[in-house]
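Participant: This is the structure I want to talk about, given as structure tokens.
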Ligand SMILES: C[S@@+](CC[C@H](N)C(=O)[O-])C[C@H]1O[C@@H](n2cnc3c(N)ncnc32)[C@H](O)[C@@H]1O
């Protein structure tokens, strides 16, 4: 029988791509956090197994590589990404990511994206998406990078930033912080694309790292005496975590909290302060050590929600939570040990937040460094002579690290202690006196810490 060929019916996206696309829209339109939005959406739609893994790879990968994808899309489309409809642009990013960074067949990457463009828009715009993706699929990622990235000889930092899909200013900040080790820039940038291993902290006084490792089938950490590395699985499901014997905490953060407890303080009277406490991970570790030394921790956190989390995370420990601004606490000065783990750009933990590298702006820095200086000043004023302040950030940006500390050394009666021995047995910590941890060296977030003695 002679039948007229029928136009194929447009198929909506499969569940994994649909989930990725919806989260990308939420990120672009409502500043959603993909690491919160995606798991919620997968749960709501009952997406599990391989579909969930594929949706996760597409969502996080597309968020991370956005700048690289936009450069390629712009070149292939012959117009800047800003000139493309934002919904179409998200679709193009999803399609381009599949073409350049996954094993998805070219045909599947192109046809699913084009069909979705036809459903969302019309055949003219589907044709545009088709043309752009066909052009992109004509070359692999390396060929596009060779064409579009800055010349590595003239601009090595710009080249590395492009290759590893980071904004140039962030790559420059890492290179500045690495200083003489700037040759490690590629390794730092690459580590932001790796999924961090889950670290647990065995609560001191409750159980040892060895006991926890055995209970969760993990391995004892390299540096922190409390650390256990979890090979797989959801840490929230572990009985030790649920009953408060262990917390989920990056080993770098454990080392920071522990460093304050190890700092040399003569005649410690047991008055310890955590000036930026929420959500209370470091407070919990500090307080568990404090409990064994007859000390108490005052925890300051102005955000009501985060202060509630501090209370939850420190239940049963010697902690008093104050919901006030760290710059105006009204507290009696005279603390022996003070942690000031300031709000920061979070450039040291980009691997935990796929979209963060593209959301942060250099313009965020001046307001943050002002707040950091004021909080450090307040911390120093609350510390007794011969007491120790530990200034910490989860960013290696020099303006947030040595810049803030240098300002305090100039303006306040403090001297820098060699912070590195407080982090032993971790090595490879830089030239001192401060400590800079790095994911590619230590497997931790890129935490910075400076111990300052008052008086
Ligand atoms: C980097 S986080 C601290 C993380 C915490 N130490 C932990 O390990 O769980 C910085 C905290 O400082 C709080 N913060 C912001 N402004 C503050 C202020 N003016 N005074 C005190 N804390 C502030 C933020 O709400 C945030 O909870």
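Keep in mind that glycine also has a Cβ here, set from the backbone N, Cα and C atoms.
Just so it is clear, the model here is predicted, and its values are computed rather than measured.
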Participant: Looking at the S-adenosyl-L-methionine binding annotation from TrEMBL, with 276, 277, 278, 279, 280, 281, 282, 301, 341 already listed, which candidate in 266, 268, 294, 325 is the matching residue?
Facilitator: 325
Participant: Determine the Cβ neighbour count for residue 325 (S-adenosyl-L-methionine binding site): the number of other Cβ atoms within 10 Å of its Cβ.
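Facilitator: 15, counting other Cβ atoms within 10 Å of residue 325 (S-adenosyl-L-methionine binding site).
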Participant: Residue 282 (S-adenosyl-L-methionine binding site) has how many other Cβ neighbours within 10 Å of its own Cβ?
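Facilitator: Cβ-Cβ neighbours of residue 282 (S-adenosyl-L-methionine binding site) within 10 Å number 28.
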Participant: What is the Cβ neighbour count of residue 280 (S-adenosyl-L-methionine binding site) at a 10 Å cut-off, with all protein chains included?
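Facilitator: Other Cβ atoms found within 10 Å: 26.
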Participant: Tell me the coarse DSSP state (helix, strand, coil) of residue 282 (S-adenosyl-L-methionine binding site).
Facilitator: helix
